[in-house]
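Visitor: What follows is a single structure, and I will ask about it in a moment.
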Amino acid sequence: MFRKARRVNVRKRNDSEEEERERDEEQEPPPLLPPPASGEEPGPGGGDRAPAGESLLGPGPLPPPPSAHHPGLGAEAGGGISGGAEPGNGLKPRKRPRENKEVPRASLLSFQDEEEENEEVFKVKKSSYSKKIVKLLKKEYKEDLEKSKIKTELNTAADSDQPLDKTCHAKDTNPEDGVVISEHGEDEMDMESEKEEEKPKAGGAFSNALSSLNVLRPGEIPDAAFIHAARKKRQLARELGDFTPHDSEPGKGRLVREDENDASDDEDDDEKRRIVFSVKEKSQRQKIAEEIGIEGSDDDALVTGEQDEELSRWEQEQIRKGINIPQVQASQPSEVNVYYQNTYQTMPYGASYGIPYSYTAYGSSDAKSQKTDNTVPFKTPSNEMAPVTIDLVKRQLKDRLDSMKELHKTNQQQHEKHLQSRVDSTRAIERLEGSSGGIGERYKFLQEMRGYVQDLLECFSEKVPLINELESAIHQLYKQRASRLVQRRQDDIKDESSEFSSHSNKALMAPNLDSFGRDRALYQEHAKRRIAEREARRTRRRQAREQTGQMADHLEGLSSDDEETSTDITNFNLEKDRILKESSKVFEDVLESFYSIDCIKAQFEAWRSKYYMSYKDAYIGLCLPKLFNPLIRLQLLTWTPLEAKCRDFETMLWFESLLFYGCEDREQEKDEADVALLPTIVEKVILPKLTVIAETMWDPFSTTQTSRMVGITMKLINGYPSVVNADNKNTQVYLKALLLRMRRTLDDDVFMPLYPKNVLENKNSGPYLFFQRQFWSSVKLLGNFLQWYGIFSNKTLQELSIDGLLNRYILMAFQNSEYGDDSIRKAQNVINCFPKQWFVNLKGERTISQLENFCRYLVHLADTIYRNSIGCSDVEKRNARENIKQIVKLLASVRALDHAISVASDHNVKEVKSLIEGK
């Protein structure tokens, strides 16, 4: 979590007597001494520093040791003059810049740096060797150094393609300069490292010297020079790419002088905290491996191995130091001095700097035998690369060639694909450019049509409610007139029935109320007025029949009393004119192109002829019937097929205008919507109009109105079979309206009075005339019902006409009628109302079941006529026999052959076969 600070196990040694003496001498002014001669013997402690200087600074003449009381001290501690000060000039020695430097800033969460920087470096006094031994060691060191230099040059030539960024070069020392290694050898080595570029040839020797500083004797405490050399070695390994630090924490030691790089510590910390967004530069070994095509896995494995090896070595060093050093600290100063004197006497020179006991460790076998058992050897990380063979290079090149061939093949396929895509795109462009002709005009036309349709719909959204109101008003006007006529007929029937029933029954009634609970005086007053009006209408109808010569064939009750008063006619016409006037003002503020069927049709015909596909895709053929619906309903506002002067809708302008819509030279499809334009309009406009007429205006008692309704219905069925059929919803609604109106008439308007036969004997009496009128009106209604044959089903008609009217009312009138010629005539008129198709396909000798009661009445009528003729004159018998033959013929006409044969056999009618065949 936090960065660990690298610890340097440097402990401060106890003060000795010699150090106290040296501090006393330093307080005294230094004497001015001449520079020592080259052949002068080194002082105490000087001999052991000279070899170290040679090992660190490279080969060359050994400089004379300074005259100092303590080994390792430079000119500042001794009496010599350092730098460029001449002897005897009296100048004070130059102070070190380290003393004036500020204490570096401590790292976060660590106080170790400040303690380590302020501690004094522990120095070990070493015993002097003799001059002879020193010379011998120098000679052997030079020989070993030359051998190592040759080896270094060979390694440098192998790595010549990757020059080192920074190379440590040793400084050539001149014996005459009098410069010696001071107490702070680290500072002077930093000063010499700044001149690396001036002396590049010395780098190999220095690298070789650093590579040998990898062994530390157990219990030995490294000094500043050793620590600095180790840091230089590690820095060099990092720069060469052969070593990766085993921890990611910033190093606490400084590779250069503290006075020159104090500010670099803070920069390093900032760099460690800063997120790196750039690509990390590869090491020189990795670059070389990539150039020759070797995979990076070997180099990664090598770096990982070196990291593990370095980590293991560092751990063992720390363990060894922790075990041995406390023993040194626990001893007395005198014992320590004795221990170090004995150690230096038995230890070969240079062992404290990582050199294996002597300078002969580089190639001498004697040096190997001098190692003790407690020395732990560590393998120096090698900077050499893995061997590269011809086969390896050939294999890598072959693999790379194969991969390039595969890549080339893929690129070639992509190239061909792009070429084909380019050709297809070119063709598509040409095709689109060729087909783009008229798109602008088409877009312009469609935009105009879009605006026109929007305006048309906005106009209709405002005008359609007005059209609906006018249509409702005209329907209400016709409904009121029809209801008034029906109500008048019902009142006349009630008046006559009340009048004749009171005469026949002579019932006692309340003085002020009639039989219906009405005010007698007021009712009688209104009844008198209605009777006068009714008789006046009948007189006018009789006069009209006399003028036309139809008086002889007319039967009372067959005519319809639909005459209106002048007041009603005037009011009706005024209201009708008002509605028509308002209808003419509906589109008076609208342009003709938005209400004229011809103009609207022309717009869509232009669209259809120019851009038929878009016209078809927009389903205009399905929208046109709904679009023309309000305009057609406005023209059909007063259209009523019940009137004699009603105009046929197929002769109107809107029908003629839309009749040839979409008819062009090209062949039309069967399922095209434009072909069904007029049938769809008939379905959506005409049928709903007829439904309203059937519910509110049609009178089933009126033969004329019924004939006209049947005529228009059959015309629609025959002329528009695709829409006017039993499966069509609007057709079903229309037929239901007709059927409901007939049922209502049957329940509300049919009335058959029952009088005793003695009352009906007087054929000029009011009850007889009223009875005859009601009978013939029922027969008339039966005929009107049966006019719908072919429209309604046989079952529906038989149920409505035979069961509901004939068997319920007419047969009851037959029972009260006189048996004779009048009954036969009435029966003949009833049978004439039946459709002949009912009896054509009957099998057997029996008629339809609903007519069984009527046939029995005819058989009973024949028997009654025969019984009445017994005992009469021959003329009466002959008339009775003719009536019986007529009854047999009537039975045969309704396919009641069983009853006809029975009557003929009972009454000895011999011409049965001729009567049946001549039916």
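Any Cβ shown, glycine's included, is placed from N, Cα and C.
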Visitor: In Swiss-Prot, which of these is labelled phosphoserine: S297, S483, S869?
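Guide: Annotated as phosphoserine in Swiss-Prot: S297.
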Visitor: For the set S436, S502, S560, say which residue Swiss-Prot annotates with phosphoserine.
Guide: S560
Visitor: Of the residues S148, S283, S435, S559, give the one that Swiss-Prot describes as phosphoserine.
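Guide: The phosphoserine feature in Swiss-Prot corresponds to S559.
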Visitor: Among T410, T565, can you tell me which residue Swiss-Prot lists with the annotation phosphothreonine?
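Guide: Annotation hit in Swiss-Prot: T565.
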Visitor: What does the DSSP secondary structure composition of the region 'Disordered' (533-566) look like, as residue counts for helix, strand and coil?
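Guide: Helix, strand, coil within the region 'Disordered' (533-566): 17 helix, 0 strand, 17 coil.
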Visitor: So what pLDDT does the region 'Necessary and sufficient for interaction with PAX7' (380-560) average out to?
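Guide: The average pLDDT of the model in the region 'Necessary and sufficient for interaction with PAX7' (380-560) works out to 82.
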Visitor: Whole-number Å only: compute the distance from the Cα of S559 (phosphoserine) to the Cα of T565 (phosphothreonine).
Guide: 18
Visitor: What residues, ordered by sequence, lie under 8 A Cβ-to-Cβ from T565 (phosphothreonine) and sit at least six positions away in the same chain?
Guide: E533
Visitor: Just how many other Cβ atoms lie inside 10 Å of the Cβ on S560 (phosphoserine)?
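Guide: Step by step: centre on the Cβ of S560 (phosphoserine), count other Cβ atoms within 10 Å, giving 18.
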Visitor: What number of additional C-beta atoms lies within 10 angstroms of the C-beta atom of S559 (phosphoserine)?
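Guide: I get 20 for this one.
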